[in-house]
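Novice: So TrEMBL has the following annotated:
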BINDING   His246, His250  Zn(2+) binding site
DOMAIN    27-199  domain 'CAAX prenyl protease 1 N-terminal'
DOMAIN    205-270  domain 'Peptidase M48'
TRANSMEM  6-23  transmembrane segment
TRANSMEM  98-124  transmembrane segment
TRANSMEM  145-165  transmembrane segment
TRANSMEM  171-198  transmembrane segment
TRANSMEM  257-276  transmembrane segment
Amino acid sequence: MALPYLEAVLCFMILMYIFETYLDIRQHRALKLPTLPKPLVGVISGENFERSRAYSLDKRLPVLTFYAHLTSSSWFWKKSGELATNVGLNAENEIIHTLAFLAGVILWSQITDLPFSLYSTFVIEAKHGFNKQTIWLFIRDMIKGILLSILFGPPMVAAIIIIVQNGGPYLAIYLWGFMFALSLLMMTIYPIVIAPLFTNSLLFQKESSHSNAYMYGFFKNKRIVLYDTLIQQCCHEDEIVSVIAHELGHWKLSHTLYSFVAVQVNWLLYWSLVFWSNCSPTANR
């Protein structure tokens, strides 16, 4: 009896959703407790704890989303093909039809997400003193994100479709190889092309008062990013040095490399499961 890969993947996704929802419910209940947890007594003040708790509760407010599940709608797939034909494109071409379909999905997502993004940025973040964005910056960054999707999306989608059409029995390996090469490319161009589009400098962050620092990249392309708000909160140079030392520790212990390898293993398993689920006898019932 053949292993029902498709059913196994779907069951796993459902179980993961249930488990993550359970964790979310537990976290929400914990945030509603007004008393400082014993391990934090003497570590942070009651005032800072209350501010953090109030912010976390506001961020976790349930939000109703009005998605029409377009990604699984045969009706929308048909309509996107008709739209492509109406503008003079060949809807029989799988790449063109898929790009038209995804363009509609992205447009719908932008429209439905916009009110919640505005509320999160200009109400919740502003209420707790974290927002530094203006409407102009918000719109500009949104437009930049859309343009980047237009620039990088079609070539990636086209490449994946071509691989699927011609991959044969080694489809999973070819798809993983493509994602591996794409990951290396993105990690190379992100610090010098993409990140500067959204920040004045790789060392400063202008749109939020949240403090953070992180490291990414390989070999000579490594970067340590410090938010300006983090620097402002440090009273002594030793504190800034300790933050940088912490990030250098990630490099010394090869955390970035381990994370990259873990992601690649995950991609390989994912594409293998997708391929086997579509090739299994139960997938065509």
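Keep in mind that glycine also has a Cβ here, set from the backbone N, Cα and C atoms.
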Novice: Out of His246, His250, which of the binding-site residues is least crowded by other Cβ atoms within 10 Å?
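Specialist: Across His246, His250, these binding-site residues, the one with fewest Cβ atoms within 10 Å is His246.
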Novice: By DSSP assignment, list the helix, strand and coil residue numbers for the domain 'Peptidase M48' (205-270), in that order.
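Specialist: The breakdown for the domain 'Peptidase M48' (205-270) reads 41 helix, 9 strand, 16 coil.
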